[in-house]
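Worksheet for the structure shown next.
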Amino acid sequence: MLRIISQRSEAEAELRRICDRTFDEEMVHKEATVQQVLQTVRRNGDGALLDYTEEFDGQRLEVSQLRVSALELEAAYQQVDKPLLDAIELASRQIEAFHRQRMPKSWVHFAQDEVVLGKHYTPVDRAGIYIPGGRAAYPSTVLMNAIPAKVAGVPRIVMCTPPGTHQGISPAVLVAAQFAGVNEIYRVGGAQAIAALAYGTQTVPKVDLITGPGNIYVTLAKKMVYGVVGIDSLAGPSEVLVIADREANPVHVATDLLAQAEHDPIAAAILITTDRTLAREVAAEVDKQLINHPRQILTEKAIAHYGLIVVVDSLQEAVELSNLFAPEHLELEVAEPWDLLPQIRHAGAIFLGYSTPEAVGDYLAGPNHTLPTSGAARYASALGVETFMKHSSLIQYSPTALNKMASAIMTLADAEGLPSHAHSVRVRTSSPEEE
Ligand SMILES: NC(=O)c1ccc[n+]([C@@H]2O[C@H](COP(=O)([O-])OP(=O)(O)OC[C@H]3O[C@@H](n4cnc5c(N)ncnc54)[C@H](O)[C@@H]3O)[C@@H](O)[C@H]2O)c1
Ligand SMILES: N[C@H](CO)Cc1c[nH]c[nH+]1
Ligand SMILES: [Zn+2]
């Protein structure tokens, strides 16, 4: 049964515990495992990938099987039925349309007389996208990562995903990858996949940027390779926080909580409501739906450890607690959701109103579902086209403009004790005798 609490200090402590759940005592052990995996892959390349795939995914592969072949890619199309193909196509269109609008544009600005300033945007050369595949197959995540990379103009998109069960990688994942323009796919998951993308192996190319969500091993590995490569954000185990008023439908709210809990045993599902009756109804409905849930064990674990209902006196209090948690997904199941928006300070994605389940955003609304978790929404945002791009600053000064600024630049350089900096301006602005 979902716990219901109403004391403010207890609610704050619980929300902090759930937010920090990926930094628990077991973390030291997991960090050590990931550290070891990264070092071994860096040293032994493909051999280490095969060993870890056997250890963590239960499959012994040959080196030649690491890369998904053209034949397998073609065969995948035969295994995906028409409605799924159509849904992938529709989702692709919507995701692409949204991300095209967000394409950053290079700009120049004539700041002062004879001074040009600006930004020049360029995509990374190689992006590695990680597509989770341990407990579920995620064709939607392929689209959410590869489409913005494509829109950004990344020339080489490399995808890694676990080898799947004995039946292999889900055909829907392979079809989505082809729709979205992924250039090559490798059958490797977990921290070993992140290591391969960061350092390169004999088979898997080293990339410049790694994006995509994953479980705790993937997320820790991304954190550790940051610097060797760029990363998007720490998009770890899923979370939803629902703020609901008395008009909210308890069956809808309960289902939305379960929709995130079913991702991972350390997924988080939180309801904050002003209505005690709704709180009780939602808790009962969650129990009811769990009885015949196809992912019962995993989902029950998430609900038991990281599920929570908080009853508050006002929506204002609900928002304060939500800001403290900084959820990956925030649902505003209230009569006037737009009125709450100005007070929301941290959330990866915000779903407004009673008829906007978070699943709309997971699949096809358009905005990205790769979002910061575990409080990272306090400083990070959804994956986007800009994630795959960087910008170079543009600066041009005419001789006249340089003359105008010379004295200030030389004064600053002298103050820093950097004579060549000052001299690089002096030689351009003074007459030859003065040099
Ligand atoms: N934040 C987001 O945007 C977002 C989107 C989709 C999914 N998700 C999250 O992604 C995650 C997917 O997790 P998953 O497990 O299904 O797939 P995954 O691909 O992330 O992880 C599976 C891999 O983990 C490795 N692994 C498993 N147990 C291990 C162990 N004991 N030691 C070392 N490595 C081990 C294996 O190599 C396996 O291939 C979930 O937490 C889900 O909530 C997040
Ligand atoms: N809710 C996940 C992000 O936390 C994304 C997803 C993909 N498929 C279903 N859900
Ligand atoms: Zn989801």
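Residue positions begin at 1 at the first shown residue.
Glycine is no exception: its Cβ is also placed from the backbone N, Cα and C atoms.
Over in TrEMBL, the protein carries these features:
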| type | residues | note |
| --- | --- | --- |
| ACT_SITE | Glu328 | active site, proton acceptor |
| ACT_SITE | His329 | active site, proton acceptor |
| BINDING | Tyr130, Gln192, Asn215 | NAD(+) binding site |
| BINDING | Ser238, Gln260, His263, His329, Asp362, Glu416, His421 | substrate binding site |
| BINDING | Gln260, His263, Asp362, His421 | Zn(2+) binding site |
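Feature map: annotations from TrEMBL on the structure.
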{"residue": "Tyr130", "record": "NAD(+) binding site", "DSSP class": "strand"}
{"residue": "Gln192", "record": "NAD(+) binding site", "DSSP class": "helix"}
{"residue": "Asn215", "record": "NAD(+) binding site", "DSSP class": "coil"}
{"residue": "Ser238", "record": "substrate binding site", "DSSP class": "coil"}
{"residue": "Gln260", "record": "substrate binding site", "DSSP class": "helix"}
{"residue": "Glu328", "record": "active site, proton acceptor", "DSSP class": "coil"}
{"residue": "Asp362", "record": "substrate binding site", "DSSP class": "helix"}
{"residue": "Glu416", "record": "substrate binding site", "DSSP class": "coil"}
- Query: Listed recorded positions: Asn215, His263, His329, Glu416. Which have a CB under 6 angstroms from an atom of ligand 1?
  - Reply: Asn215, His263
- Query: Can you list which of these recorded positions (Gln192, Asn215, Glu328, Asp362, Glu416, His421) have a Cβ closer than 6 Å to ligand 3?
  - Reply: Asp362
- recorded positions near Ser238 (substrate binding site), in sequence order, restricted to Tyr130, Gln192, Asn215, Glu328, His329 and a 10 Å Cα cut-off: Asn215, Glu328, His329
- Least buried of the recorded positions His263, His329, His421, going by other Cβ atoms within 10 Å? His421
- Select the closest residue to Gln260 (substrate binding site) from the following recorded positions, measuring between CA atoms: Tyr130, Gln192, Asn215, His329. His329
- Item | Other CB atoms within 10 A, centred on Glu416 (substrate binding site) | 10
- Task: Just jot down the residues in the same chain as Asp362 (substrate binding site), at least 6 apart in sequence, with C-beta under 8 A of its C-beta; none if empty.
- Result: Ser140, Ala259, His369
- Task: For His329 (active site, proton acceptor), identify the closest of the binding-site residues Tyr130, Gln192, Asn215, Glu416, judging by Cα separation.
- Result: Asn215
- Cα-Cα distance linking His263 (substrate binding site) and Tyr130 (NAD(+) binding site), given in Å to the nearest integer: 16
- Could you state the whole-number distance in Å separating the C-alpha atoms of Glu328 (active site, proton acceptor) and Gln192 (NAD(+) binding site)? 25
- Should we count any of the binding-site residues Gln192, Asn215, Ser238, Asp362, Glu416, His421 as near ligand 2, judged by a CB under 6 A from one of its atoms, and which? Ser238, Asp362
- Task: Looking at NAD(+) and its recorded binding residues Tyr130, Gln192, Asn215, figure out the farthest C-alpha pair and report it in angstrom, whole number.
- Result: 13
- Task: Run through the Cβ atoms and count how many others sit within 10 Å of the one on Tyr130 (NAD(+) binding site).
- Result: 31
- C-alpha spacing of Asn215 (NAD(+) binding site) relative to His421 (substrate binding site), in angstrom: 48
- Query: Which residues of the same chain, at least 6 positions away in sequence, have a Cβ lying under 8 Å from the Cβ of Asn215 (NAD(+) binding site)?
  - Reply: Pro132, Gly134, Arg135, Gly190, Gly236, Pro237, Asp264
